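Here is the structure we will look at, set down as structure tokens.
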């Protein structure tokens with residue numbers, strides 16, 4: 001599958017204090033078109049914002065399509081590709097029988113992923129990748145636009 005046939009999505013989360021004021025950002029690219037999404041929450045964590053970025057980006061797509069979603073979050077990457085199937089089998093419990101943190105968002109992400117054909121890709125953050133840098137700027141905008 002070529003990039004021209006896929007929607008390419010870059011996502012990022014930001015948090016000022018952890019927990020604290022947080023934001024999420026997503027850059028969606030398709031056939032030369034771009035769409036920017038961002039938002040924020042007054043009391044959240046970086047991991048929740050990373051998850052929100054992916055959820056909101058996938059939810060913004062009105063119909064099922066092939067996607068390459070690029071994140072700099074090892075938490076999101078490992079969660080969706082390694083941990084989630086076992087959490088579901090165990091009734092949203094970890095291997096140590098503890099409740100999964102952020103289960104509400106993992107469940108929402110799982111629902112969105114089921115609508116599409118998603119290829120996940122991890123990229124190291126803050127290394128100059130243009131899409132990742134834009135997603136980071138959008139996440140910080142989400143924090144900046146929160147009411148004081």
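Using N, Cα and C of the backbone, Cβ positions are placed for all residues, glycine too.
What Swiss-Prot lists as Mg(2+) 1 binding site is 12, 50, 72. Residues annotated as Mg(2+) 2 binding site in Swiss-Prot, with sequence analysis given as evidence: 12, 136. For 3-144, the entry in Swiss-Prot reads domain 'RNase H type-1'. Under the heading region 'Disordered', Swiss-Prot lists 125-148.
Take the mean position of the Cβ atoms of 12, 50, 72, the recorded Mg(2+) 1 site; other residues of that chain with a Cβ within 8 Å of it are 11, 13, 49, 53, 71, 73, 76, 125, 132, 135, 136, 139.
The separation of residue 136 (Mg(2+) 2 binding site) from residue 12 (Mg(2+) 1 binding site), Cα to Cα, is 5 Å. Cβ-based crowding with a 10 Å cutoff singles out 12 as the top-ranked of the binding-site residues 12, 50, 72, 136. A helical conformation is recorded for residue 50 (Mg(2+) 1 binding site) in the three-state DSSP classification. Residue 50 (Mg(2+) 1 binding site) sits 10 Å from residue 136 (Mg(2+) 2 binding site), taking the C-alpha atoms as the reference points.
Note on the domain 'RNase H type-1' (3-144): its mean pLDDT in the predicted model is 97.
Cα-Cα distance from residue 72 (Mg(2+) 1 binding site) to residue 136 (Mg(2+) 2 binding site): 10 Å (rounded to the nearest whole number).
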